[in-house]
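These come from TrEMBL:
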DOMAIN    5-144  domain 'Lactate/malate dehydrogenase N-terminal'
BINDING   GLY10, ALA11, ALA12, GLY13, GLN14, ILE15, GLY16, ASN104, GLN111, VAL128, GLY129, ASN130  NAD(+) binding site
BINDING   ARG91, ARG97, ASN130, ARG161  substrate binding site
DOMAIN    155-322  domain 'Lactate/malate dehydrogenase C-terminal'
ACT_SITE  HIS186  active site, proton acceptor
Amino acid sequence: MAPVNVTVTGAAGQIGYALLFRIASGALLGPDTQVRLRLLEIPQAVKAAEGTAMELDDCAFPLLSGIDVTDDAKKAFDGANVALLVGARPRTKGMERGDLLEANGGIFKPQGEAINAGAADDIRVLVVGNPANTNALIAQRHAPDVPAARFTAMTRLDHNRAISQLAAKLGVTVADIKKLTIWGNHSATQYPDVFHTDVNGKSAADLINDEAWLSDTFIPTVAKRGAAIIEARGASSAASAANAAIDHIHDWVLGTPAGDWTSMAIPSDGSYGVPEGIISSFPVTCEGGEYQIVQGLEINDFSRTRIDASVAELIEERDAVKALGLI
Ligand SMILES: NC(=O)C1=CN([C@@H]2O[C@H](COP(=O)(O)OP(=O)(O)OC[C@H]3O[C@@H](n4cnc5c(N)ncnc54)[C@H](O)[C@@H]3O)[C@@H](O)[C@H]2O)C=CC1
Ligand SMILES: O=C([O-])CC(=O)C(=O)O
């Protein structure tokens, strides 16, 4: 079988360094799938990406059939089956939100165009670079020939963080927790929802039985975990972000376990009152390389308010990039 082409942008960055070795080891697509890596960087960072490629060579991974390093988006996405868009423009001092969105538009518009021009028919895109949901929307809108549903953004790190916090609270292991949901934006407004979460056959919400803990401790801890990591480490989450990117693509391609679901930011089909088209996080199951939104969940008032607030932020971001002519 031909190797799967996996394109990673921002390959010389800190997430890239944690991600590439795990992709090459088989963690992304399983132990039977050969991968060919395409690393995209800006010209100043190509040399560093080449250094990482040298180290990848030195691992002699049996599943790694080749590595290309380039600063040309057309080349990087040509024939790509999986694209991990990690490289983005971080917010720097004095930068307004509009400046941030505009700078990222300058990255995700040409990358969307390059995906449209040359990616394989089965291309699946995960945007990690922040603001991830809106960057995914920009790329998607510049790839009109690719099915819109193939553009997704990462809330899996939030999902994993929430599971870990909940396990600690309830004194169980992470494996005991199923059906947790992150709704909305990968930002401080995201909503980690435990009202449908199952803990060894019991309802997590019943076991917690403490709305104040949910609203004052759990939700802010999960939503602000990225900032807490930056505060503690002096750098943003990298290994855990790379791990979440692996989980997202792994489950999308190979399926979610029976009796569980995961969280992915995907173009809304209007489910749960989320306006069609915006890239918002939902509970999803995956099978045969396709994801489906889990339907029929009852949304209580506590959840409704919080989902609506995060969705309102996504609508604002969409309107801002529209006003800037980026979509
Ligand atoms: N969705 C999520 O849960 C998370 C998202 N992030 C985001 O991931 C992104 C990357 O994080 P790090 O690796 O820590 O950053 P980093 O700054 O270490 O690396 C980013 C890399 O992207 C490259 N880059 C910039 N523009 C590019 C372009 N046009 N094409 C290709 N490469 C380009 C840079 O040269 C740099 O090497 C950031 O936007 C960060 O905020 C980080 C953690 C979690
Ligand atoms: O703010 C950042 O760059 C890191 C981030 O998204 C997270 O850790 O969730």
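Note: Cβ is positioned from N, Cα and C throughout, glycine not excepted.
Please treat TrEMBL annotations as automatic predictions, because they have not gone through curation.
Recorded features from TrEMBL, shown on the structure.
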| residue | record | Cβ contacts under 8 Å, 6 or more apart |
| --- | --- | --- |
| GLY10 | NAD(+) binding site | GLY16, LEU40, GLU41, LEU85, VAL86, GLY87, ALA88, GLY129 |
| ALA12 | NAD(+) binding site | LEU39, GLU41, ALA45, VAL46, ALA48, ALA49, GLY51, THR52 |
| GLN14 | NAD(+) binding site | ALA235, SER236, ALA238 |
| ARG91 | substrate binding site | LEU100 |
| ARG97 | substrate binding site | ALA320 |
| GLN111 | NAD(+) binding site | THR9, ALA73, PHE77, LEU85, ALA139 |
| ASN130 | substrate binding site | ALA88, PRO90, HIS186 |
Counting across all protein chains present, how many other Cβ atoms fall within 10 Å of the Cβ of HIS186 (active site, proton acceptor)?
29
Cβ under 6 Å from ligand 2: which of the binding-site residues GLY10, GLN14, ARG91, ARG97, GLY129 qualify?
none
Could you put numbers on the helix, strand and coil content of the domain 'Lactate/malate dehydrogenase N-terminal' (5-144), residue by residue per DSSP?
66 helix, 26 strand, 48 coil
With the Cβ atom as the reference point and anything under 6 Å counting, tell me which of the binding-site residues (GLY10, ALA12, GLN14, ARG91, GLN111, ARG161) are near ligand 1.
GLY10, ALA12, GLN14
Mapped onto three states, the DSSP assignment of ARG161 (substrate binding site) reads helix
Across all the protein chains here, work out how many other Cβ atoms are within 10 Å of the Cβ of GLY16 (NAD(+) binding site).
26
Which residues, sitting 6 or more apart from ARG161 (substrate binding site) on the same chain, put a CB under 8 Å from its CB?
VAL222, ARG225, SER240
Is HIS186 (active site, proton acceptor) helix, strand or coil when read with DSSP?
coil
Other C-beta atoms that fall within 10 angstroms of the C-beta of GLY129 (NAD(+) binding site)
24
